[in-house]
Amino acid sequence: MATPCCTSRPAADTREPWWPPSKRACPLRMPNKAGMRAIHQAALEGHGPVIAALIQNGELVDTTCRGGLTSLHLAAGAGQTAAVEALLGHGAQMERKGGPCDETPVHLAAGCAAGTESVRALLKSGASVHSTDHKGRQPLHVAAERGHLETCQLLLEEGADPAVQCQSGDTPLHLACSAGHRDVITALLRHVADSEARLERLLCAENVSGLTPLHCAASRSAQAWSGEEAGDILDLLCVSGARLDHVTSQNQETPFHCVARSGNDQLLEKMLTLLKDQVTSIAAVLNLQTASGETCLMVAAREGHQQTVKTLMDNGARLDVLDSLGRTALHLSAAAGLSGLCETLLGRPALLNTRCAAGLTALHLAAAGGFSGLVESLVQRHGAAADIAAQDGRTPLHLSAAAGHLEVCSTLVQAGSDTSARDAAGLTPVLLAARYDHAEVVKLLLKYSPELPDLADKDGNTCAHVAAMHGSVHVIRELLLFNTTMVTSSRNMRDDATPLHLAAATGNAEVVKVLLEAGASASDEDKLGLTCVHLAVRGGHSGVLTQLRDMGVSMEAASKKTGLGPLHIAAYDGNIDMVWELLQHISPTIPSEPPSEYETGDITAVLPPVVATESRLTPLHLAALAGHEDTARLLLNSAGDAPVDPVTEPTLIRGLTLISARNRHHLLEDFILSSPAPVYTAAKLTALLRDDLCKQDEEETVSRELRDAAALCQSMTAELLALASCRSSVSAVLSAVDPQQIELLDLLIQLKHKQVIAHPVVQSHLWDVWRGGGPAWPRWRAAALLAALLLCPPLWVLLSLPVGPRCGRLPLVRLAARLTSHAQLLVLLALLVATGRGRWPPLAGPLEGALLLWMAGLILAELTAGRGTGGLRVLRLAQLCLGLAALAVHGAALVSAGTETERREAVFLLLLCLVVCGFSMQVTTVFTPVRPMPSVRKQDGMGYPPRDLPERGVLSSLEMMLFSLVGLAASYNCHPPPVTHPAWSGALLKTVMALYLLVAGVVLTGLLVAMMTDSCRRSRTDSEIEWKFELAQLIRDLSRSRAPPAPLNLITKLVVTLHACVRFRGRLWDPAARQQLSTERLTERARRLGPAAAWSDRDRATLVVQPSVTAAPSLSGGRRLEDVVDWSQ
């Protein structure tokens, strides 16, 4: 609805407002629905006074409407000269562009039939005739295209260039010729007629498509303009100098190609008439070829202009000319199905069976297009060869069968075409029809040749295989009616696959359903041992899986050749969508079965060779072997409480390690960091890779990768432990328990992570446990404690018993108590040796009784001690063995009597044996004869060897050693005899003597040299790590053990045993009783003394008593490793 301001009135009466009075005033700049204001509407209507009044009341002269047009654009486009003049008088912009084509007012005025005066007004006001729109067109282009003669003449007078080209390369003459404006063409040619150069330039100008104005005029169809008008334009252009044989520079087309394309016969006749005046040979011009090799006859044949073809043929156009693809005009018309035109061409001497570059004849093209009438005409009337093959070996029957043209196929078969002909790929027409699901064509071909279903291509695929592979369900149904057994059970030669295999592999669910309903077996395997389920999984076809599951096919069936199920295949391929779908119906831990018909050469290309040697592989193993991290994560998350532990499974860890070695173990790092407790995972992986995998016989490369992975895991264990201790206390982290309820520190000691134990974080925790969480003890305080325990036995007893003060539970105090016990044992042994001789009979006295109790306590301590009690256990066992031997000797003395002299001789012999056991045996070995001694002796006893030949036995060797220590210098007098010994035996004896005398100096020199090399530093580092590891074991044993040192442990063990007998009424085999006996705990009181209590109050049997109790819950109730710290951060 227009507002009062947008409604026009006669321009004659302006004395008073003519619109009806309104109750309220109308805004001056209110637009209507079209977005135009009052000034725009007045410009369209040509009301100059209204425009002036609006401008005087404050309206902007250059205000735009919705399309970006100003009032001047609207007035110029409508041919309102008065409005144009009024707007120009008020300063409207003449070069402003607007509208969808960015046109100036001059463009709009030039395009208007009554806009000549508006153009004149604009040009007089200074508007440019060379302004362009968004296509580069000037006002002259617009006027020439619209056929506005007066406007064109005005623009030419004002300096417009008739040869100017827009972006498409068209000049005003191009546009006028294309539109058929004869008067405008005449005006343009007259404007440049005085200059031949300008005229030639105008006539020969080519646009972007390479067309001249003459080409544009020849391109107009007969429906666009009359013959007379077209003839006049051609006469005008030719008289002006345009040539009909002009060839474009781009496509090399003549005007005759354009007229052949348009099919304007009258124009063609006119052009032929004019051509006679320009050239001597019309046929030479008509047979000129374009860049693609086409003549004007081919163009007309392709477009189907039969009359044009006749006219060209009558004027000398040749039929045997070939284009760049080797096609003739007959090929083009046959491809278009133009029967009448083909008849016209065949009426002249044309080659019916001429082949193109691809070997196709006209019959091939007609058959491929499905033109049954044309095919019948070519075969029956003209005698075209029905079995002629193209370069790819395909006959017309192949092409028609592939396209599904039933009538054409019937015509060719009736004409005698070979139904079993093969192309270069070994395909017959029925195979092509089966590929594209042309069931009717297949039925037709089987009717004439029943043996066709058994014919296969070069891969052994029959008609059923091809149809199943390409989803031709209608062909499958037709073949099932013909031969069910062939369709359901036939196999090809390449993969030994049935049609069901191919249908499942290509994802044709409908074909799978039809085949299963017809009786096809879903358990059949191909050459690689894959069933239809395996193939559907490998191809990622969920629709086929759904169809198979609905038909009752098992998703868990394993292959007989490989032993792998569908989930194994999906995991190895990394198809996470298939894995997710199968997990809805299959357990993620389903193991593989032993392969029964494995053939390495057939399967190793697609499956890992490990399937031939190992069974019980889970999908997680195969995902790890293939390196599919996302699939492995999905399987791990879906496993739930499955028995497979990915951290302790050797095969999985081996595959993960070898795969991660390809990218510098990034996958192994991600696997550790993504686990719930990374430090536990890294520790377990280190133990597996170091102790289990690296001990197996592996290749050098594999062993190196495993060693590198073990080192990486160990370093990650230390780093993760250090980082975790920063977020939480180190005591909380090391006392956290794993899934088997074993504390982390115990686990590190068990797995012998010596470098981790030697880490400063762990060592700080151990020292904290050592001193009970308090400040560090100075050396004098520890020495004073040890001296007090040695000098005050009651204090030693008080601190050793479990009922003593709380400070007795500190590892430092316990170690001092044990050292005191050992010192007292040494004192007891010394007293027994010093006072034991001379007493007879050797009955058991107080010292012997005390020693016997001490030995009993040591034996009890060894029997109740755990397995991880440090590296000095061997020495303790040797001490006990020697003690038992001494006890046996002491008991043997009761049955044999002797004098004091005999006892002294026994002591001397014992000392002598100890001295002789060393170098005397070695010297004796040197004096042993190497070869037999010759004997030449006379009756008087003289001869060889001499009777005083030196012989060295054990005693003589000992004598020589003793004298050498006190200064024997004539060592050469003690050489072995040269007759029975080689020449170098003397040197060997001297070497032994030198080693014996200088061993201390040599050792010290060796140590001095080692200190100057890096080996000493490495040795010192390793020794420091070993010392810290043994110290950790010692602190753990001291913190865990509740038993006092020997012989006080006899008392505590007796009390605990009596208490257990009373409490459990003599049933010491009860588990609770056995637990009390092993822990030596009388009550349920649990005292905690800082970090040391975490070990002192827990069950020792958890780790060291019985392996079966290893998984028992810890009495300490520690937090789990997953919860002690947020490992994800």
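First residue shown is number 1, and so on along the chain.
Placement of Cβ uses the backbone N, Cα and C atoms for every residue, glycine included.
Where the annotation comes from TrEMBL, it is an automatic prediction and has not been curated.
It should be emphasised that the depicted structure is a prediction, and the values quoted were computed from it without experimental measurement.
According to TrEMBL, the protein has these features:
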- 67-99: repeat 'ANK' (REPEAT)
- 101-134: repeat 'ANK' (REPEAT)
- 135-167: repeat 'ANK' (REPEAT)
- 168-200: repeat 'ANK' (REPEAT)
- 292-324: repeat 'ANK' (REPEAT)
- 392-424: repeat 'ANK' (REPEAT)
- 425-452: repeat 'ANK' (REPEAT)
- 495-527: repeat 'ANK' (REPEAT)
- 528-560: repeat 'ANK' (REPEAT)
- 562-585: repeat 'ANK' (REPEAT)
- 615-641: repeat 'ANK' (REPEAT)
- 780-803: transmembrane segment (TRANSMEM)
- 847-865: transmembrane segment (TRANSMEM)
- 877-895: transmembrane segment (TRANSMEM)
- 907-932: transmembrane segment (TRANSMEM)
- 992-1011: transmembrane segment (TRANSMEM)
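Assigned with DSSP, the residues of the repeat 'ANK' (425-452) fall into helix, strand and coil as follows: 18 helix, 0 strand, 10 coil. Using DSSP to sort the residues of the repeat 'ANK' (392-424) gives these counts of helix, strand and coil: 17 helix, 0 strand, 16 coil. Away from its own ends, the repeat 'ANK' (101-134) comes close to residues 70, 72-73, 75-81, 84-85, 88, 94-95, 140, 142-143, 146, 148, 150-151, 154-155, 158-161, 164, 166 of its chain (Cβ-Cβ under 8 Å, at least six residues beyond either end). Outside the repeat 'ANK' (562-585) by six or more residues, the chain places 528-530, 533-534, 536-538, 540, 542, 545, 549, 555-556, 592-596, 598, 603, 607-608, 611, 615, 617-620, 622-623, 625-626, 628, 630-631, 634-635, 638 with a CB less than 8 A from a CB of the stretch. Model confidence over the repeat 'ANK' (67-99) stands at 88, taken as the mean pLDDT rounded to a whole number. A Cβ distance under 8 Å defines the sequence-distant neighbours of the transmembrane segment (780-803), meaning residues of its chain 6+ beyond its ends; these are 812-813, 816-817, 819-821, 823-824, 1042, 1044-1045, 1048, 1051-1052, 1080, 1082.
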